[in-house]
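Now, the feature entries from TrEMBL:
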- 54-158: domain 'Acyl-CoA dehydrogenase/oxidase N-terminal' (DOMAIN)
- 163-258: domain 'Acyl-CoA oxidase/dehydrogenase middle' (DOMAIN)
- 270-416: domain 'Acyl-CoA dehydrogenase/oxidase C-terminal' (DOMAIN)
Amino acid sequence: MPLLCQEYIFCLCLYGSNVHGVLLQTLTIFHSGYYNRQAFGYSAQIKHSDLCLNVLQIIDQEINPYVDKWEEEGQFPAHKIFKILGNAGFLGVNKPVEYGGLGLDFSYSVAVAEELGNINCGGIPMAIGVQSDMATPALARFGSAELKREFLQPTIMGDIVVCLGVSETGAGSDVASIKTKAVRKGDEFVINGGKMWTTNGTQADWMCLLANTSEGPPHKNKSLICLPMNLPGVHIARKIDKIGMRSSDTAEVFFDDVRVPCKNVIGQEGMGFNYQMLQFQEERLWGVANILTTMEKVVQETVNYTRQRKIFNQPILYHQVVHFRLAELQTEIELLRSLLHRATALYIKGNDVTKLASMAKLKAGRLARELGDSCLQYWGGMGFTSDVLVSRFYRDSRLMSIGAGADEVMLSIICKYMDTLPKK
């Protein structure tokens, strides 16, 4: 394929209908040496910063002007926003080109996740992350070509919305304890049970469902299943009212004799637990990347506010306890970023980064709580209102120590790799 044609196709994949306006810029990037040909056919690599500039443009034009409205309404229009992001290529950054992705490595997904931290709330980036990097890694890696065409490709393009069905009322971080069952009957599975805390659940078109498909050991009896949400027997019990992440819809879902073709199983039946553990690694790294930028924004906004807000005849910022504390927090952010980038670099080389990903998520959750509390304090009464970013961050970021594995689970994983857990 001629080089110009390849570059035009890449622009079309990345920018959709705006291809002509950016083709010249993209050609310049190609010939300046920012791209390297990879094994994904004509796919190429762009500088992380160039990719992020386009994410920021979408955030500034299509998302941030409406965040306050969506926060108040308790939901953002997922189909609309995902279609915009899908047209620009940002829902399949590290997914195969043949299914609509950009074919780049996971470090580019991390870069996009960091940039999405510029959204003025936590709920919308989280919902985007479910669509791009939390509910689809196993499908992209292990799913059949038929499943990828039916579910992965339209998800990457933003034509449909996906949710992830893992947690249940009695099984959150303890994934092995889930009770939802999928019983084989002929060429179908009959599914009964329920899922809790389902991000995108009220708007989703399909669910990446983890269910027990046999009576074997809890780590070997589970499968991931592509489950259309419009099937008979799928019931959205309620939209959950949360203290934070207000603009992201979260559902409780029940399954009553839902029939799904056996061919909808992702990869090998019985490997669902292992596949989900792999998905958790990308989910945790993505979550850490996303919250880094928001933490930086909160620190900078606190600097700006305390510089102009005076107490005892001088700016709050000029008190040593304040500017020293903000310096400490900024240092912690940079240390966490270094851990994230190290883990990501090892991950894209095929290494097991379970320990490092768990460390990064543990640190991110604790730092977010510490940073939110410290910065809110310096805002005084304004920090106790809903009018400023720091108060929204204070509410939203609390989930970081709970979702995708609680802090205590992260500690247990780290201890397991350190071989310090008590012997049974």
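Numbers run from 1 along the shown chain.
Note that Cβ sites are derived from N, Cα and C of the backbone, with glycine treated the same way.
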DSSP-derived helix, strand and coil totals, residue by residue, for the domain 'Acyl-CoA oxidase/dehydrogenase middle' (163-258):
3 helix, 51 strand, 42 coil
Limited to the domain 'Acyl-CoA dehydrogenase/oxidase N-terminal' (54-158), I'd like the whole-number average of pLDDT.
97
With helix taken as DSSP H, G or I, strand as E or B and everything else coil, how many residues of the domain 'Acyl-CoA dehydrogenase/oxidase N-terminal' (54-158) land in each class?
75 helix, 0 strand, 30 coil
